[in-house]
């Protein structure tokens with residue numbers, strides 16, 4: 001987190017202080033004013049987002065009080081911009097208000113953050129965010145008629161509540177994404193409430209909004225995790241690969257200039273500074289649009305849009321066509337006699353340019369794969385440049401790159417083959433076993449979620465023409481969720497090694513993980529007790545949840561048995577459990593003497 005600059009801009013209104021460089025060109029002035037207007041119009045939403053993300057436990061009523069305080073603050077500063085409090089940056093102002101609200105820090109356990117100042121306080125609030133939101137109640141759902149009545153009665157309060165519920169469940173989603181979600185939901189509510197079949201309309205409109213939020217927040221969390229754990233060089237490498245693939249005709253100097261704005265964007269957005277995040281993302285899009293002729297032919301229509309649609313449009317625009325004169329080979333980095341001298345003169349720039357050059361020539365590859373190839377190239381030159389004839393050594397670099405890609409491609413092909421052969425349910429059990437073996441310390445809900453995400457990635461990608469890049473990119477996001485944002489997150493030694501050793505090779509590392517041998521196995525009685533507790537409880541729970549929970553317990557109990565043995569035990573136990581759950585006295589069914597589960601328990605003990 002030390003890598004984040006943690007700088008901010010003066011707050012919402014704004015009287016312009018020395019900390020904010022004023023634009024001078026007419027087009028820059030227009031852009032600045034448009035961004036400022038957008039921020040001013042969304043003060044309430046931005047306060048809700050920041051407050052709900054920093055203190056997820058806060059009630060809606062408490063957040064509403066903060067919004068009132070913030071709006072009063074805005075009015076005071078508009079009346080007299082010379083007040084000392086009006087020069088605060090966004091995060092400091094919001095965190096001051098959170099800390100000043102009577103009893104709130106003690107009630108929600110963040111008073112330790114309020115005792116700190118400056119960088120340390122911002123860091124503390126950031127680490128107060130919880131990715132696992134299982135402690136929150138289920139997302140509130142209303143009957144469509146009730147929903148429309150609430151929207152009609154007080155649309156502002158209704159939409160604020162929606163923004164609050166979404167933000168607290170997505171603490172690492174960037175403010176522009178959440179504002180887009182709110183705009184889409186408002187549009188959906190307006191349209192659906194005019195229809196006869198409200199439930200159907202809401203269902204149809206909600207699915208793409210949820211998917212949009214999930215996709216972007218997952219990517220943003222993963223990239224911020226890379227910044228926090230591996231530092232700005234890794235963040236820069238990710239962005240070089242992403243932008244070089246999307247805009248293959250961009251020049252290296254133009255890309256370098258653009259990435260300065262992109263890095264500033266991630267500094268603010270990853271920290272959770274809502275105003276800085278909006279300003280810096282707007283600046284990135286303005287930068288791209290001001291040079292669109294030399295960057296991309298696909299974004300002209302996007303650049304004619306206003307905030308926040310412009311950013312969304314550019315992000316979702318198709319990749320530009322690769323220049324016709326651009327071959328697949330990178331002769332500058334494999335055929336030149338001066339490679340070692342150029343590497344030694346300025347290593348960071350040299351490898352950044354290699355990644356740029358290789359990425360724009362191989363737009364079909366995933367971002368993690370491009371980073372792997374760059375690491376392979378670095379290691380190769382480390383060896384070759386110490387030899388008498390370096391050229392004869394690194395001349396075969398392309399072969400090394402192809403070997404790396406072939407290994408990654410084989411992994412994806414195997415996963416897609418499993419998807420086609422097993423189907424979704426069996427494949428989810430496969431990944432559930434795999435994740436539980438590797439990380440049995442994780443709660444069942446998290447293991448199930450990870451396995452679902454992997455299946456969803458394969459279901460999305462395995463029929464596409466860019467199957468490889470799609471699977472590899474999405475699978476890496478799943479591993480990003482497993483590894484988490486906090487660099488101090490610990491699961492077990494082998495998982496921690498994969499999460500921390502090398503960002504690019506995280507996926508191959510996980511692919512070769514064995515069962516965790518440090519985990520203390522539960523007893524046989526614990527397994528049977530877990531099964532009894534599930535099937536004997538009076539509440540009717542989804543059978544799939546019970547099966548998943550039992551499978552997790554089975555893997556933790558007997559990680560070393562074969563897949564065939566595990567499937568046999570899983571089938572017998574769950575069949576017996578379902579049968580026991582349907583009789584009048586299910587507890588008796590689980591006794592050691594019971595013919596339904598007793599034999600299976602003995603079989604399991606033998607397997608162990």
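All residue numbers here begin at 1 and follow the chain in the order shown.
From the backbone N, Cα and C atoms, a Cβ is placed for every residue, glycine too.
Predicted, not measured: the structure shown is a model, and the values here were computed from it.
What Swiss-Prot annotates here:
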SIGNAL    1-21  signal peptide
DOMAIN    22-210  domain 'Albumin 1'
CARBOHYD  33  N-linked glycosylation site
DISULFID  77-86  disulfide bond
CARBOHYD  109  N-linked glycosylation site
DISULFID  113-124  disulfide bond
DISULFID  148-193  disulfide bond
CARBOHYD  153  N-linked glycosylation site
DOMAIN    211-403  domain 'Albumin 2'
REGION    215-319  region 'Binding pocket for hydrophobic ligands'
DISULFID  224-270  disulfide bond
DISULFID  269-277  disulfide bond
DISULFID  289-303  disulfide bond
DISULFID  302-313  disulfide bond
DISULFID  340-385  disulfide bond
DISULFID  384-393  disulfide bond
CARBOHYD  402  N-linked glycosylation site
DOMAIN    404-599  domain 'Albumin 3'
DISULFID  416-462  disulfide bond
DISULFID  461-470  disulfide bond
CARBOHYD  488  N-linked glycosylation site
DISULFID  580-589  disulfide bond
REGION    585-608  region 'Disordered'
Can you tell which of 124, 224, 302 has the least company, meaning the fewest other C-beta atoms within 10 angstroms of its C-beta, among these disulfide-bonded residues? 124
Here the Cα-Cα span from residue 124 (disulfide bond) to residue 77 (disulfide bond), rounded to a whole number of angstrom, reaches 28
I need the nearest neighbour of residue 385 (disulfide bond) among the recorded positions 33, 113, 153, 224, 269, using C-alpha distances. 224
C-alpha spacing of residue 340 (disulfide bond) relative to residue 462 (disulfide bond), in angstrom: 41
Please work out the helix, strand and coil residue numbers for the region 'Binding pocket for hydrophobic ligands' (215-319) from the DSSP assignment. 84 helix, 0 strand, 21 coil
Please give me the CB contact count at 10 A for residue 113 (disulfide bond), counting all chains in the structure. 22
Given the disulfide-bonded residues 340, 461, 470, which one's Cα is the least distant from that of residue 269 (disulfide bond)? 470
Closest to residue 86 (disulfide bond): which of the recorded positions 153, 277, 302, 402, 470, going by Cα position? 277
Spatially speaking, which of the disulfide-bonded residues 302, 340, 461 is closest to residue 289 (disulfide bond)? Use C-alpha to C-alpha, please. 302
On the region 'Binding pocket for hydrophobic ligands' (215-319), the mean of the pLDDT values is 94
Between residue 402 (N-linked glycosylation site) and residue 277 (disulfide bond), find the distance joining the two CA atoms and give it rounded to the nearest Å. 38
With a 10 Å radius around each C-beta, find which of these glycosylation sites (109, 402, 488) has the fewest other C-beta atoms nearby. 488
Sequence-ordered list of residues in the chain of residue 384 (disulfide bond) that lie 6 or more positions away and have a Cβ within less than 8 Å of its Cβ, or none, is 340, 390, 393, 394
Quick tally, other C-beta within 10 angstroms, 269, 385, 470; top of the disulfide-bonded residues is 269
What is the interatomic distance between the Cα atoms of residue 303 (disulfide bond) and residue 224 (disulfide bond), given in whole Å? 26
